[in-house]
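Have a look at the structure below, then the notes.
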Amino acid sequence: RQARRRAELRALALGRGEFRLQDHGGRPRRMADFHGQWVLLYFGFTHCPDVCPEELEKLGRAAELLERDPALPPLQPLFITLDPERDDAPALARFLRDFHPRLLGLTGSAEEVRAAARAYGVYAAAGPQDEDGDYIVDHSVFIYLLGPDGLLLDCYGRAKTDAQIVQSVRRHMETYEPVLK
């Protein structure tokens, strides 16, 4: 079953695309910067009223629980905005300080962000503006687990709890074999 799953992931090649974005400290980042690391990745936007904060809290709790086990490799929590028009580096820094202390936020031009979302099969579309010019970004809601080779190993929808994510990530870490050989 694991061999079949690796073959499916290799065929999908999600996450194999290179992106160039900036982190919330203003430093340029590429996908290759995260190779060799375990990553929990979420795409969202800072003006989200409920879903994104809830998912980032869950991602942060899962990362904290995993960090408590010194036998496990380190994990990098990562957030990529789907609303670069409003989510510049300072906006990301303000928003992300309420979540995990190592949660890294990434933004860029509209095209750079679209390319990153495409690399992970993420759907995103800005809704209509209200009378104040505010809008919601409709998007797929998944937390992605990327292995050290940078490829998708699993994804977790809204129904997954932080404990279930931790159990899954731990299992992936303990049985990890590179997808690309």
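Cβ coordinates are placed from backbone N, Cα and C, and glycine is handled just like the others.
Annotations in TrEMBL come from automatic prediction, not curation.
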Can you look up which of C48, C155 is joined to C52 by a disulfide in TrEMBL?
C48
If you take the centroid of the Cβ atoms of C48, C52, H139, the listed Cu cation site, which other residues of that chain have their Cβ within 8 Å of it?
F43, G44, F45, V51, E55, L82, V137, V141
CB contacts for C52 (Cu cation binding site) [other CB atoms within 10 A, all chains]:
23
